Amino acid sequence: MANVVVVGAQWGDEGKGKIVDWLSEQADIVARFQGGHNAGHTLVINGETYKLALLPSGVLRPSKLAVIGNGVVFDPQAFLDEVERLTKQGVAISPENLRVAENVTLILPLHRELDALRENASKATAIGTTQRGIGPAYEDKVGRRAIRLMDLADIDTLPHKIERLLTHHNALRRGLGLAEFEAGAILKELTALAPKLLPYAETVWRLLDIKRREGKRILFEGAQGALLDVDHGTYPYVTSSNTVAAQAATGTGMGPGSVGYVLGICKAYTTRVGQGPFPTELDNEIGRKIGERGREFGTNTGRPRRCGWFDAVLVRQTVRTCGIHGLALTKLDILDGFEQIEVCVGYRLDGKEIDHLPAGEGAQARVEPIYETIEGWKEPTANARSWAELPAQAIKYVRRIEELVGCPVALLSTSPEREDTILVQNPFEA
């Protein structure tokens, strides 16, 4: 399989950034296909820490082409700020190595403000968004009123498109008793941004099709996780886009046959940020210990992540909905030293055992985990780079996960460092 898709197999924050960076050495192109700057990656390369939000991880690899696809929602100011920050760290970013889909939807200040207003209106209705305007921007995209990157190149039609957008947003603001946005101010802002952004604009579907026909390897980089998918996740506590592997095609303009190998990333335990069901959550000393050892705080928001035992039911479900061929298991080292480790192998709902997470919000909140206890290990797995360096019991744990989720482990990560990775099966050669 020439191309590889990387998706999160849990609720995001699984360590996709490191795995994508590690795989990007073998790729010619790294393409983002959904989400926005709400999904943070932390990469450690030769002791230097890089934090990415909107940019594909491929920008850290010289000679690689990074692409932001049409399925992404694109915040111009966040983009420019991230480019500036990484440039100060010595990363070369220019239109030569980064292209942005000309039909990508823009996130504007009015989207961020609306997102925050909704999220802070009531704790009862809060979803746990990052308040960065992601959801409102996707709403405008579906509502056919969004401003897209290509619109900045047509100054004659841009004012009309802004007026159309404000017809909707100012009606909302009047209902909320807020001052209306002025079209002139938005036009001035976008006109000033245009010369900084348009050099990156590209007909991405055509570019990728040409590269594919030339035999170039494409690595599709997903954001967040499959359990946050707007259709297949824990609705309504989800993101506003499709995060499953099939979106790699839609979000870049490629055909489904171009996707290739699907690599699912999951931690050796489970975490979640924000609201929503979490069957294996540990609201106790063990959960806090996992969080502290794993440094479980959001890259973008700094919010502490909720922590719990590995949930084989959920990962098995995402293996199916994403068509995952192999898993990359991360943060195995965080479980070093635990005498016993619990793994969720099923659920109990209203007295009955079930083998999947139900779609209903109420049922999701009522499921109880059924655990299997596995003996832990005392020897360290941290920084291991081969199976021979792993404790026997840690290997048994990995093998049991493979059995429970019905999918082999292709990669094993034992630290944030790029090189601390054990390769079982190369996704590009599978």
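Residue positions begin at 1 at the first shown residue.
Positions of Cβ are set from backbone N, Cα and C atoms, glycine also.
Annotated IMP binding in Swiss-Prot involves D13, E14, G15, K16, N38, A39, G40, H41, R144, Q224, T239, R303 plus, out of the candidates T130, T157, T252, T318, the residue T130. Within 10 Å of R305 (substrate binding site), counting CA to CA, the binding-site residues D13, K18, N38 contribute D13.
DSSP assigns P304 (substrate binding site) to a strand.
DSSP assigns N38 (IMP binding site) to coil in the three-state reduction, outside any helix or strand. For the pair R303 (IMP binding site) and G12 (GTP binding site), the C-alpha distance works out to 14 angstrom.
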